Each structure stands twice: as C-alpha cells, then as structure tokens.
Amino acid sequence: MKLKRFLLRYYPPGIILEYVRSNGEQETKSIDLLNLSNDTDVDQLVEEIVMEEPIISESRKPQLAALIRKLIEKIESKKEQQFELFKTLKAHMLPLTNCAFNKNGDKFITGSYDRTCKVWDTFTGEEIVSLEGHKNVVYCIAFNNPFGDRVVTGSFDKTAKIWDASSGKCLQTLVGHNYEIVCTSFDPHSLIVATGSMDKTARLWDVESGKQIARLDGHDGEIVSLHFNSDGDKLLTGSFDKTAMIWDVRSGECIHMLDEHTGEISSTQFEFTGDYCATGSIDKTCKIWDIKTGKCIETLRGHKDEVQDICFNSTGTRLVTVSADATGRVYNVHTGECISQLLGHKGEISKVQFNPSGNKIITASADNTARIFSETGECLQVLEGHTDEIFSCSFNYEGDIIITGSKDNTCKIWKEANLPVKKK
C-alpha cells in the first residue's frame, strides 16, 4: 500500500488517508481526532498516529503535524462571533414547514403548505428552482449531503419525491405509504432514502431506481423521527408508540427495540461514532442507549415539560435537549451530568442544533426569537425580527451562516458580521 495524500475533515475533526493498494485500487481510511483542543500535544499525537498507521512514513510527519495544527486552529476559531440579518425571504404563499442547508451552505431548501419545495441561493437570497408536483403539503425535506445534488421531499399526499437540485426535475416518485409522510432522510452515501409515515411504517428506497428496498414494520404508532448512523448501515426510528427501533439497513430487520420511555418519542439521533443513540420524549426525559446491546445507559432528567428536540455535537461528547418548558440543557454524554442550562426564552423551544465545531448552540422558540448560546450556557446573541413562532433553525457547515424559518411565513438568513457577500 502507498499513501497518496492526506485530506482534512473539519467537522468532526479528523484526517483521511487516501492510499493506493498494490492492485491499483484507491481507498480511504479515516483517523478520528475527536478530542483535539489547544492543549493537545501535537508532536506526541503525530507519533501515536504513525505508530498505529505504518503507511505514514517518517518524512510525512511534518505535513501531518501541520494539518493537525490547522484543525486545532479551525476548532478554536469563531468563538467571538456575532450574526447580523442578511435577508428576509417571503419564501412561499402558504406557511413554511421546514428549511435545510446543503453541506456547503451555498444553497438551502424550504418546504411549504403550498405543496412545493424551493431551492434558494444563500448568498443572493434568490430562488434557484421550485420543485412542483406534490398534491398536498410538503412536510419534510432533505438534501443528500455531503453531495448536495439531490433533494427528497415527503408529503401529506402519501408520496415522497427525489429531485435534481439544480434543474428541479423530478427523478423518482416513491409510492407505497398509506398515510402522510412526516420524516425523510438520505443515507450518507446517497444510495438509499428512508421515509417515515403516519401509517406506522418506515420504508427504504433505492435512490437511482425509486424502488422500495424494505418495509420496516414493528411500530404501533406514527413514526415521527428517523436518522441514519454515520456508516449508513443502521436506521433509528422514533414513534408515538413510546418506542424507538434500530434497524439493519441491509436486511430490513429490527436489531433493537428501545422501549423504556413512558411517553411518545419526539426526536432521535445517532452520535458520530455510532456507539450511542439518543431519544427525546414527551415524558420529559432523554435517554442515551448503547447501540450494541440496546440497553439504556443514561436517563437525562431535569426538564419540567416534554422534550421537543435533541442534538449531539459533532464529536458525540455533548448532548443538548430543549423542551416545552422554554429551557435547554447540555449534558456530558459519558457521565450523564447536566453541565449547563440554556435560559432566557419566554416560550417553548422546538428546535436545537450545535454549530459544526460544537462551541455554540442555536435554539428556535415560540417567543419569536432564536438564541445562540455557548455550551456553558451563556446567551451570546438573540436573533430578533420574526413576528411569529420560529420552528426551524440551522447552521451551515462552516458555522458562519444561519437560517431560521417561522410561522410568520418568512425565512431569514443571518450572516456572521463582516462576512463578505459572495458574488455569483
């Protein structure tokens, strides 16, 4: 084997080895560096990596050290950061349902009760294309990140559609659900789409052919959340039947049923390494589960009302939960300890997200504001201007642009202050 080059992965931090086998085949291997900080001894870390990876020669050590320092610089940057309103888009004639970035952050999508999904240019605020063809509300939407050339839409018309993100052409219509589709996602390789429905099933579809690969039966209530792990070989579903299920994507079989909540599941997520997943519930708790055993290893308590949303940071060391009690809580994943509370909202919080580097958290609330917090609980900024409940908020991959979606029927783009406007 011969090392060809190093590739940087900023979030979560890591280095990818691109190498060529003796038979000429090119392959990659990821080295996860999830605990990088200013305190990291770079030279010692380089020695440890070279010991583990004999493919890296002595002569490559200075290059490896320089890349690790670049990663640390990226992680530590943007701690002093303020956002300003860049554009307000009256995106649709009828209320919005969701909005989401592609990985680069140069495009985002909005879904609406007007039965369309629109693709937007982030830097100009202009509509690129309107995805039209559904016969009812477009409720859930997603890009096929990291590629960003496809969009999937799930609708109350019981179908999902796969679209070309540039031309707006409908490539596939996924037919099979008996009731409304309320959640959808591409797998990380953009080969499979998962859909979850009020018909109590999730389904897996082949992206290229549009054919159903598997029907995932087992829940006794509407499926409201689904999430692929980083490898794309497992799917996590959460249901109003108070359970979550982990599925083997290849076989379509249920690996574990996670059934210790006493209320409906509201949100689910895998953490990056795939060792754990988490479930939030209207029973006011969030639970962390061991993927191998299916056992609950932590029950995170403290909220006084239902947990509405949860999010791991990109390295899987922190988990944030938000609640109808108008607060958020940040937990240490490994100890289950609550390390900070996010206070200040005057209405229930429905959405939360870490920024890619994991040092900031954004929350969306029924008090018409979004707030940016540090992971220690300090409120860094309040994003004001919406005139109704904010139900969606998202950072782009670089962490320097935010979109918020509101029931006031607008979508706002917020940019880091002093960030130049890019020309098309």
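A Cβ is built for glycine as well, from the same backbone N, Cα and C atoms used for every other residue.
A TrEMBL annotation is a machine prediction, not a hand-curated record.
Database features, via TrEMBL:
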type   : residues : note
REPEAT : 89-130   : repeat 'WD'
REPEAT : 131-173  : repeat 'WD'
REPEAT : 174-215  : repeat 'WD'
REPEAT : 216-257  : repeat 'WD'
REPEAT : 258-299  : repeat 'WD'
REPEAT : 300-341  : repeat 'WD'
REPEAT : 342-374  : repeat 'WD'
REPEAT : 383-415  : repeat 'WD'
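Stretch with the largest number of CB pairs closer than 8 A to the repeat 'WD' (342-374), among 89-130, 131-173, 174-215, 258-299, 383-415: 383-415.
Broken down with DSSP, the repeat 'WD' (342-374) shows 0 helix, 18 strand, 15 coil. Counting residues 6+ beyond its ends, the repeat 'WD' (89-130) has Cβ neighbours under 8 Å at 136-143, 145-148, 151, 153, 155, 163, 165-168, 391-392, 394-398, 400-401, 403, 405-407, 409-413, 421-424 in the same chain.
For the repeat 'WD' (258-299), the list of distant contacts is 12, 32, 34, 221, 224-231, 234, 236-246, 305-312, 314-316, 319, 321, 323, 331, 333, 336: same-chain residues at least six beyond its ends, Cβ to Cβ under 8 Å. Counting residues 6+ beyond its ends, the repeat 'WD' (300-341) has Cβ neighbours under 8 Å at 11-13, 34-35, 263, 266-273, 275-276, 278-288, 347-354, 356-358, 361, 363, 365, 367, 373, 375-377 in the same chain.
Distant neighbours of the repeat 'WD' (383-415): 11, 78, 81, 83-92, 94-96, 98-101, 103-105, 108, 110, 120, 122, 125, 347, 350-357, 360, 362-366, 368-372; these residues of the same chain sit at least 6 beyond its ends, with a Cβ under 8 Å from one of its Cβ atoms. Per DSSP, the repeat 'WD' (258-299) is made up of 0 helix, 22 strand, 20 coil. Secondary structure of the repeat 'WD' (131-173), assigned with DSSP and counted as helix (H, G, I), strand (E, B) and coil, comes to 0 helix, 24 strand, 19 coil.
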